[in-house]
Ligand code: NIG
Ligand code: FE
């Protein structure tokens with residue numbers, strides 16, 4: 001089944017060689033999907049025929065968002081915790097235990113239903129690739145269950161047994177690190193691609209994080225790190241040292257952290273919906289970009305620190321609060337996320353890429369930041385098949 005979308009006012013290819021600027025923009029353009037891939041892009045008038053034709057009516061088509069950081073396998077919510085934060089209580093990692101208790105008590109079907117609801121909610125908002133972490137089970141059986149359920153909806157599954165120390169290991173964090181690095185990684189690695197650790201005061205220190213990442217790597221998992229979210233710390237440098245695909249959050253960085261990111265392939269993944277929901281300062285995207293670091297934007301969708309599934313919201317925050325231009329933010333939400341997941345086949349719309357795209361009810365990508373809170377995604381294709 002092939003599809004041609006004609007009459008595209010602004011086609012964001014994400015390939016600077018294919019069009020104008022860093023976004024590789026083509027005007028009055030068309031794109032053809034065939035066999036789940038982008039088969040052709042070019043002037044609308046030259047577009048070849050296909051089984052199905054769509055008229056974009058001068059609107060914008062861009063790659064589907066690549067949300068490279070989300071925690072979607074959980075039960076319950078923490079709306080009360082959010083409300084308390086808005087009246088001044090600070091965010092603390094300890095709230096994770098509330099969700100751990102609810103998740104452990106939930107059936108597979110409850111977890112699966114919540115996960116699928118969130119993935120569908122993301123799809124309606126233009127997200128076509130999503131990474132999904134475990135981290136609310138924190139026993140061998142519960143973490144294995146969470147990665148197994150996550151793998152039902154995405155190939156980008158991350159084992160996050162080292163999210164926090166669960167209550168039964170109070171006073172024995174070393175024992176929990178040994179469990180994560182031993183039986184837990186062995187049970188989870190077959191269902192995951194990535195290993196993550198929350199390296200932060202109140203969670204895991206550098207030595208513990210290093211142990212966990214090394215065990216993951218030995219089991220074939222590639223590292224990514226929750227780093228420098230709640231304060232300065234060793235997370236970013238640890239991520240770079242471990243060859244992590246991504247250091248996520250990057251809210252409190254010193255010059256050495258910025259230099260380390262700029263001189264490494266590790267992507268700085270910024271999660272501004274978390275700062276919105278925790279009243280923390282926003283990460284300084286401008287400083288990272290000016291230093292030459294690769295930057296991605298992602299939602300971090302989770303019931304605690306930030307429960308937004310909207311990449312468009314993250315784009316708007318990045319532009320309004322973090323010094324990114326609309327083009328930089330859209331690139332970070334598409335090609336940047338792809339890079340953070342080491343994927344060359346998504347986050348761009350040039351021949352050979354996956355046919356993962358969205359049509360906006362707007363003439364151009366700037367409207368994603370210019371019209372915050374407005375559901376602009378009018379249609380979504382994944383692997384060339386219309387989803388929304
Ligand atoms: O990325 N920082 C650690 N983990 C999540 C929060 C999880 C939670 O609060 O439930 C995050 O912000
Ligand atoms: Fe997270």
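Each residue, glycine too, has its Cβ placed from N, Cα and C.
No curator has checked TrEMBL annotations; they are predicted automatically.
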Per TrEMBL, member of 290, 300, 345 binding Zn(2+) alongside 69, 71, 226: 300
According to TrEMBL, 78, 136, 163, 305 bind 4-imidazolone-5-propanoate; which one of 229, 387 is annotated to that same site? 229
Where ligand 1 binds, which of the binding-site residues 69, 78, 300 are close by, with Cβ under 6 Å? 300
For residue 163 (4-imidazolone-5-propanoate binding site), the number of neighbouring Cβ atoms whose distance to its own Cβ is within 10 Å equals 26
Looking at the binding-site residues 69, 71, 78, 226, the one with the fewest other Cβ atoms inside 10 Å is 78
From 78, 136, 300, 304, 305, which binding-site residues have a C-beta atom under 6 Å away from some atom of ligand 2? 300
69, 71, 226, 300 excluded, remaining Cβ within 8 Å of their centroid (Fe(3+)): 70, 133, 196, 248, 249, 271, 274, 298, 301, 302, 305
Of the binding-site residues listed here (136, 302, 304), which is spatially closest to residue 71 (Zn(2+) binding site) when Cα positions are compared? 302
Output, ordered by sequence, the same-chain residues six or more apart from residue 229 (4-imidazolone-5-propanoate binding site) with a CB under 8 Å from its CB, or 'none'. 200, 235, 248, 249, 251, 252, 274, 280, 305
